[in-house]
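Novice: There's a structure below that I have some questions on.
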Amino acid sequence: MVVRTQNSESKIKEFFEFCKENEVEFVDFRFSDIKGTWNHIAYSFGALTHDMFKEGIPFDASSFKGWQGIEHSDMILTPDLVRYFIDPFSADVSAVVFCDVYDVYKNQPYEKCPRSIAKKALKHLRDLGLGDVAYFGAENEFFIFDSIKIKDASNSQYYEVDSEEGEWNRDKSFENGVNFGHRPGKQGGYMPVPPTDTMMDIRTEIVKVLNQVGLETFVVHHEVAQAQGEVGVKFGDLVEAADNVQKLKYVVKMVAHLNGKTATFMPKPLYGDNGSGMHTHVSIWKNNENLFGGETYKGLSEFALYFLGGVLRHARGLAAFTNASTNSYKRLIPGYEAPSILTYSASNRSASVRIPYGISKNSARFEFRFPDSSSNPYLAFGAILMAGIDGIKNKMDPGEAMDINLFKLTLDEIREKGIKQMPHTLRRSLEEMLADKQYLKEGQVFSEEFIQAYQSLKFHSEVFPWESKPHPFEFITTYSC
């Protein structure tokens, strides 16, 4: 038997007992591809053996973009019994197990497996002696629409989303003949009570289901945009936090679906309204001590500021992982509480990095406000950690904090102050990443092979098609030329 997992005999025994106690009929093995899509393969419980949790489960990796060619398609899923749960949506009782991907040709964890990359980033932090754990906490915003229509043909390009909350429905006659008229309006949706908030019951249902699958929630509310919401979940270590993002997205989409609606974590689905981010909180701990707490700006340590310096230094290329879609850059524009200016401040939501208010050293952390949920959380969190590590190693100065409303600065003022901005396109962020990738490759965390596979996937599946397709707005500006 070839042992490819770190599952102990006691862990395997514990899992089988869990399945028997819960009368599990199927075990659903789930893994994330490069883009961040959660995929699965299910086995009936009676077909499982203990050896499968040691040796792994074979699958065809050539069916996933950016992974293997058909001539070397065999890969192995390695179950990780650190984390599993009962799927609250399956008709038959199913246990969900997180998996990594193992390379049978090199006899090692697959270098293009996002979850394995996240684990390597955490290991790199420990190997350098810089910390025992990196805690991450994500705030994933989302939209819940009543319906969506999309067309992508050679002679027609359009989309249409709809929501009872939409200001475009003020004059609509609904099927019941009633239009109640209570709507938040553009940028008016932050925390109103019902009936303006039509999604309260769906959000509370989401919270209940999240608790069932082991996610501790602490806040739930309507967000600024029409049809937008947020559910806050407790932080965890880097890998756990990324696992939690996958859980959260699955639950939100499924609860919406079962309520006859459709949920999206797309960064900017509505023109003229706020977009959805994935604000990411980070701190590093060693010997049960928060290394970010100290005596410098707003209770931060010098160690923390160096970490921040690394993230700000590499942010333009880092965006290839944290803002991983062409749509991401329609969110990162002034005027919609989206942080496009690369600086930091305390309690200032116009900065790309915020230092949240805290009453103790243990609460010292950064909130990186530029990431969004189109990213693969394993890659986004791993890349943020690698940038911060580079900042610590090389003592990168983040510069002075800017405690002003940055949205009011003109482009000339931004240039005069020497402040960098986030890239304006996915193409530019990928180009910046390719020109600034050495810090990612330290400790063999992000391999050159993975980086090339990632950029190729993004260029061919998103950048090139987006650049080559006529846009409806171009017909307004150019058709009569």
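Every residue, even glycine, has its Cβ placed from backbone N, Cα and C.
Okay, so Swiss-Prot annotates it like this:
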| type | residues | note |
| --- | --- | --- |
| DOMAIN | 22-106 | domain 'GS beta-grasp' |
| DOMAIN | 114-481 | domain 'GS catalytic' |
| BINDING | Glu139, His279, Glu367 | Mg(2+) 1 binding site |
| BINDING | Glu141, Glu223, Glu230 | Mg(2+) 2 binding site |
| BINDING | Asn274, Gly275, Arg331, Glu337, Arg349, Arg369 | L-glutamate binding site |
| BINDING | His281, Val282, Ser283, Arg349, Arg354 | ATP binding site |
Novice: Which binding-site residues (Glu139, Glu141, Glu230, His281, Val282, Arg354) fall within 10 Å of Gly275 (L-glutamate binding site) by Cα distance?
Specialist: Glu141
Novice: Please report the DSSP secondary structure of Gly275 (L-glutamate binding site), reduced to three states.
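Specialist: Coil, per DSSP.
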Novice: Look up Arg331 (L-glutamate binding site) in the DSSP assignment and report helix, strand or coil.
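Specialist: Its secondary structure by DSSP: helix.
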Novice: Calculate the per-residue pLDDT averaged over the domain 'GS catalytic' (114-481) and state the result as an integer.
Specialist: 93
Novice: Within 10 Å of Ser283 (ATP binding site) by C-alpha distance: pick out those among the binding-site residues Glu139, Glu141, Glu230, Asn274, Arg331, Arg369, and say none if nothing qualifies.
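Specialist: Of Glu139, Glu141, Glu230, Asn274, Arg331, Arg369, within range: none.
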Novice: Counting by DSSP secondary structure, give me helix, strand and coil numbers for the domain 'GS beta-grasp' (22-106).
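Specialist: Residue counts for the domain 'GS beta-grasp' (22-106) by secondary structure: 13 helix, 41 strand, 31 coil.
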Novice: With every protein chain in view, how many other Cβ atoms are within 10 Å of the Cβ of Gly275 (L-glutamate binding site)?
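Specialist: Its Cβ has 25 other Cβ atoms within 10 Å.
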Novice: List the binding-site residues among Glu139, Glu141, Glu223, Asn274, Arg331, Glu367 whose C-alpha is within 10 Å of the C-alpha of His281 (ATP binding site), in sequence order, or say none.
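Specialist: Neighbours among binding-site residues, in sequence order: Glu139, Glu367.
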Novice: If you take the centroid of the Cβ atoms of Glu139, His279, Glu367, the listed Mg(2+) 1 site, which other residues of that chain have their Cβ within 8 Å of it?
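Specialist: Apart from the listed residues, the neighbours are Gly137, Ala138, Gly277, Met278, Thr280, His281, Arg354, Phe368, Arg369.
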Novice: If you pair up every Cα among His281, Val282, Ser283, Arg349, Arg354, the residues annotated as binding ATP, what's the maximum separation in angstrom, rounded to an integer?
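Specialist: In whole numbers, the farthest two Cα atoms are 19 Å apart.
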Novice: Which of the binding-site residues Glu141, Glu223, His279, Val282 has its Cα nearest to the Cα of Arg349 (L-glutamate binding site)?
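Specialist: Of all the candidates listed, His279 is nearest in space.
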Novice: Apart from Glu141, Glu223, Glu230, which residues in this chain have a Cβ no more than 8 Å from the mean position of the Cβ atoms of those residues at the Mg(2+) 2 site?
Specialist: Glu139, Asn140, Phe142, His221, His222, Val224, Gln228, Gly229, Ser276, Gly277
Novice: Select the closest residue to Arg369 (L-glutamate binding site) from the following binding-site residues, measuring between CA atoms: Glu141, Glu223, His279, Arg354.
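Specialist: Its closest listed neighbour, by Cα, is His279.
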